[in-house]
Amino acid sequence: MRDPAPSNSEMKRVIVGMSGGVDSSVSAVLLMEQGYQVEGLFMKNWEEDDGTEYCTAREDLADAQAVCDRIGIKLHTANFAAEYWDNVFEHFLEEYKAGRTPNPDILCNREIKFKAFLDYALMLGADLIATGHYVRRRDIDGRTELLKGLDPNKDQSYFLHAVGGEQIARTLFPVGELEKPQVRAIAEKHGLATAKKKDSTGICFIGERRFTDFLRQYLPAQPGDIKTTEGEVIGRHSGLMYHTIGQRQGLGIGGLKDASDDPWYVLVKDLDNNELIVGQGNDHPWLFSRALVSSEIYWVNPIDLSSPRKLTAKVRYRQSDQPCTLEKTAGGYRATFDDPQRAVTPGQSVVFYDGEICLGGGVIEIAEPWTSKDKR
């Protein structure tokens, strides 16, 4: 099922969000082949204040311009750095300050790519926008559904779950029907400068810097004790914000007397006492949760939760779908899983699915332990 093509009687104008990567480049090519009137837009969402382009913005803009020149379309540029700071980055810092582990890409999609960019494109006279995300859309019964991308290794519906159906209805996702090797082959065939460009990874505004070094620029470190589940102090941490549930690397502990050689993992971030609770073993019981709570769910389209509903969910990107029961509670929503879930992390997102349909999701606020609380 392809994204809808324009009728012969109506040439629709589409503005593609050109990131300087291969996916958006090929999206523009495919839309041109489908008969759309295509233009590109490069958005800059971060202002470097130290003279170094950590987000490779200059290089990405040059690549986007080279692709647009090659295929003969106009490239607009827009600076959404102020919107990004106000609506994404400040929230990112607040979450870390509160001891949670946020995902800024999800907020960026909701507030920037499918809000600021969409509004700007409509102001330029576009009928639709397009992005290089690996997702699909389907119009059915007067609503627009968000579907998983066909390539399970690249499906990005997890990151778009907070975008509403009205915004999805105004967006085309040309590469959502394809697998990554096909996308690169199309780019090669058309001689695009981005054909062999590596996929971007990590958070754009951090770039190649160490994450801890970046955070220290904005949040003061608050050192505290690292303790075992029995309460023994075995080390010091530089700040809870630098650690996440299930983390193994970078704890600075090991070789302890009377301890086994099993690796140590972060089990709990005790905010009240500024303590990091750790335990040994990848399958430590404290790492597993049976349920989670979220106070607010962003639905692509509203769903009926008048009674508990069997769905599947992901608590992290690229996780396989996990069967669960979702119910509305007085304080929000509770998802109970059929199987124990490892390293459910407050601040991250839980995303719900009904088969290939991405229904929506919310921020995890509480992870309920698989073992009884009195054992913890």
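Just so it is clear, glycine is given a Cβ too, placed from its N, Cα and C backbone atoms.
Same-site candidate for ATP binding, as annotated by Swiss-Prot with GLY17, MET18, SER19, GLY20, GLY21, VAL22, ASP23, SER24, GLY132, chosen from MET43, MET241: MET43. Taking CYS108, HIS133, GLN348 as the recorded positions under consideration, the smallest Cα distance to GLY17 (ATP binding site) is found for HIS133.
Distances between the Cα of HIS133 (site 'Interaction with tRNA') and those of the recorded positions SER19, ASP23, MET43, CYS108, GLN348 are shortest for ASP23. Secondary structure at ASP23 (ATP binding site), as computed by DSSP, is helix.
Using a 10 Å Cβ-Cβ cutoff, CYS108 (active site, nucleophile) registers 25 neighbours.
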